[in-house]
Each structure stands twice: as C-alpha cells, then as structure tokens.
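As recorded in Swiss-Prot, the features of this protein are as follows:
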{"type": "BINDING", "residues": "Arg37, Gly38, Asp89, Asp90, Leu91, Val92, Asp93, Thr94, Gly95, Asn96, Thr97", "note": "5-phospho-alpha-D-ribose 1-diphosphate binding site"}
{"type": "BINDING", "residues": "Asp90", "note": "Mg(2+) binding site"}
{"type": "BINDING", "residues": "Asp93, Ile136", "note": "xanthine binding site"}
{"type": "BINDING", "residues": "Asp93, Thr94, Gly95, Asn96, Thr97, Trp135, Ile136", "note": "GMP binding site"}
{"type": "BINDING", "residues": "Asp93, Ile136", "note": "guanine binding site"}
Amino acid sequence: MSEKYVVTWDMFQMHARKLSERLLPASQWKGIIAVSRGGLFPAAVLARELGIRHIETVCIASYHDHVEQGELKVLHRAEGDGEGFIVVDDLVDTGNTARAIRDMYPKAKFVTVFAKPAGAALVDDYVIDIPQNTWIEQPWDLGLTFVPPLARK
C-alpha cells in the first residue's frame, strides 16, 4: 500500500451515523451481524442510532500482519441466512471477506463505512470511496502513531 488514509473518531462517528440514516426505518431489522473485529465499531453506532439491541458476530480472520491479507479463516458465525439482519464491516477491500459473507448471509443487507473499488460492488451500501492502493488507519488502531495490540508484545 503506497498511501494512507487516517480516520479520526469524529470522522468515523459521522460516517457511521450517515450509514445508519440510510438504514431507516429501523423496524425492518431483526438485528445486526458485526464482522469481527472492524465491524464491531460501526455495529455499535448502528445499534445506537437504530435502537437495535440484537447483535451477533461473524469472526473472519484475513489480515495477518496489519498489511497483507492472507487466507480467510471463519472462527465463528451467527446462525441463519441473514434475513432481516444488517451485516456490517468497517471496510470492503479486495472483496475476499465480502464474498465469504455473501455466501454465509445471502439475505442480509451488507454495509460498510468504507469501500475500495475491488470490493465495492459486493456490498449493498457504503459511505466513503477509498482508492485501492490506500491503507486505512482506523481510530481504534491508533495512538499518536500505530500501536500494536497487546497480544503481539
């Protein structure tokens, strides 16, 4: 990745709220399936804004060293085909994770905050276009500079 796009908490909140507006009326949804881990943050905003309390997760590991995507590994999945659920992730990048999500939850509404060209067509809605060669630094990954997770120390 040659470029970086740094997202602040304020920016993230604003974009996630905009995504929430597009999902109204809230009464059409049974719940949210958050793609762990990046989708946990927008799921919290969507849940608050839409008044949704039923939150499930699907846990898929794809980024193995903060930079390169590796083979997908499903660690946990919410049951069902997604009918009446919003599936949310922070980003659709190459589309590898998105294709797996679509296979698991074909009847869900799949949304992300950010989308890169290679994966954008795989989600039903997103807020911000990001160039394919750009790495997104999400606010939960940052201190004043990148802070590695405690488990890696």
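Quick reminder: no glycine exception, Cβ is built from N, Cα and C everywhere.
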Residues near Thr97 (5-phospho-alpha-D-ribose 1-diphosphate binding site) in space but at least six apart in sequence (CB under 8 A): Val35, Ile60, Ser62, Leu72, Asp89
Where Arg37 (5-phospho-alpha-D-ribose 1-diphosphate binding site) falls in three-state DSSP terms: coil
Subset of binding-site residues (Arg37, Asn96, Trp135) lying within 10 A of Asp90 (Mg(2+) binding site), CA to CA, in sequence order: Arg37
Site with most surrounding Cβ atoms, counting all protein chains shown within 10 Å, from the binding-site residues Thr94, Asn96: Asn96
For Gly95 (5-phospho-alpha-D-ribose 1-diphosphate binding site): DSSP state (helix, strand, coil): coil
For Ile136 (xanthine binding site): intrachain residues, at least 6 apart, with Cβ closer than 8 Å: Lys4, Tyr5, Val7, Asp90, Leu91, Phe114, Ile130
